Amino acid sequence: MASDLDTTPVIATRREEATGFFQRMVSKGLGWARKNSLWQYPYVTACCGMEYMSVSSARYDIARFGAEVPRFSPRQADLLLVVGTINCKQAPILKRVYEQMSEPKWVIAFGVCASSGGFYDNYATMQGIDRVIPVDVYIPGCPPRPEQVLDGLMLLQRKIQDQQHKLIDRAQVPTLAQGGGERR
Amino acid sequence: MATDSHGMGGRDPQATPGSFGAGEPARPFEGQHHARGYEGALDAPLKGRQMVVNLGPSHPAMHGVTRAVVALEGETIVEMKLDIGFLHRGFEKSCENVTWGQCFPYTDRLNYVSSILNNVGFALVVEKLCKMEVPLRARYLRVLTGELHRICDHLTLVAAMGLELGAMTVFLYGIEARDLIWDRLTEICGARLTSNYVRVGGVSRDCPDDWPAKVEQTLARVAELRETIDKLLTRNRIFMDRTRGTGVISREDALDFGFTGPCLRASGEPYDIRKAAPYLVYDQLDFDVPVGKNGDNFDRYLMRMEEMRQSDRIVRQCLRQMEPGDIVVQDFRYVLPPKPQVYGTIEGLMAHFKLVMEGIKVPAGEAYSYTEAANGELGFYAVSDGGGRAYKLGLRAPGWPMVAALPHMTKGALLADLVPTYDSINMIGGEVEQ
Ligand code: SF4
């Protein structure tokens, strides 16, 4: 596993160096805190949900990774677990849920249906959720074994640790309305 | 009050023996009954207004895939509309584009909690078209694994019902038991959930030698967990109050709506396809069909608990009665020949090539097969034109009539009673929305 302290970018400009040390410490601290307290929103639609039940209960125990709290309100969650098939009717809802989550947020595509449409290569099924929302980790398998899911979760944790975290992020987040989508 | 078919949901003082007011007739309620209509002459209440609430499609109680538009007056459901199709994956169309053998993975994902039962249903319709006799051992293996999966299905229902009524412990016990059964299924077919075990003409592989003994041990542990769940829920006052007399459907209504399976039996109609039209080896097995009386959520829960016990019996009998033998028909028009023949003889090679490239040639015709899946009658209707693919495939999903009856069952009930009702009919998105 990559070192938890290994967050310094290889090429640093002067300006980054000037503000670097304090920011880096904050970033590391925030990364550590965030990766170990993922609150997930299980967007469960189909068969993979049965494996999700297994992952979250006693034997595989997702609580070991600090991700055991399912929140069914997108505003309280920072990890969107898309578990199962997303079809064309479901896709706008998924996008809405994703947009309602507050930053920082991450997405895991759980199972091949969410990753790529799986073997449902037909008129109804969306060929992967990355057509509507960005995805951080793809977990293959139909359904994936719980071990695979935990592996995917650990990958995400590593990714979170290596990201730059800021105390306040003033950059504006693009929303559906700005992207030319429907407005209400 | 409890006999009202529209479920009075938790307001019945007779709900639990021993609880406050039990055994007395319902007391007259001296307050104001209704937002409109009963006001005293001098009252000036705020005018009631219907509120429309959207439950779902992404809502924990909706199991992810259904949208219920509920019109409420206070907490009482005045009207409910269901919006489905959020998990429509084009099952029937997909199956028309692949060979008959390749349909099995799609059937796995219909009722994904008990996929072998779907596999069996589909295999039976193809075998009916081919007029094929399946070897005895294969039939036993189908029943055995199917019943294991039926236990899984019911465990999941009970676990989820407990969870949604606030009994998290039940969920953990249920999933532990289910994981154990899945381990056994992994040993026999390689997959935990989507088994893809049955083939046209038999099953894909025989069980390992030490498997039967392991299954018996597993069943013992599962029985232990099941009885724990039983102790936690069946006489639990909160659970009983939440489920008894809620989501009631009468026998006549259930028949009219086309209920089958445990939900129909909970209403008092003793109809089980395993008894009414035995298929595979069910006529040689000794098991009982539990029948309920009230058709409420509690009875539907009891049906599941009792059916798990019966499935347990069936599995044990199968293990005892099973004898060594073929697990697939020895007919290379339908079944891949063993590898030595493929590599050693031209006939074997030809048969292998034909089967892989073109699939099984099912004689032209149409057939309907019906089996007792975990939720009720699972029907497959297949039309073949003699080519290598299904010309048309139709599915009668067991969960569908129950979902369709939901607005009827919850009319006039409290909003909170929608959740146990939704649980106990066991809607599985994969099969209902195909
Ligand atoms: S990946 Fe497979 S198991 Fe998961 S939802 Fe899709 S079809 Fe079902």
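Glycine too: its Cβ is placed from the backbone N, Cα and C atoms.
Lifted from TrEMBL, the feature list:
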| type | residues | note |
| --- | --- | --- |
| BINDING | A:C47, A:C48, A:C113, A:C142 | [4Fe-4S] cluster binding site |
| DOMAIN | A:47-155 | domain 'NADH:ubiquinone oxidoreductase-like 20kDa subunit' |
Secondary structure at A:C113 ([4Fe-4S] cluster binding site), reduced by DSSP to three states: helix
Other C-beta atoms that fall within 10 angstroms of the C-beta of A:C113 ([4Fe-4S] cluster binding site): 30
Candidates A:C47, A:C48, A:C142: member of the binding-site residues with the richest Cβ shell (10 Å): A:C48
Integer average pLDDT (0 to 100) for the domain 'NADH:ubiquinone oxidoreductase-like 20kDa subunit' (A:47-155): 88
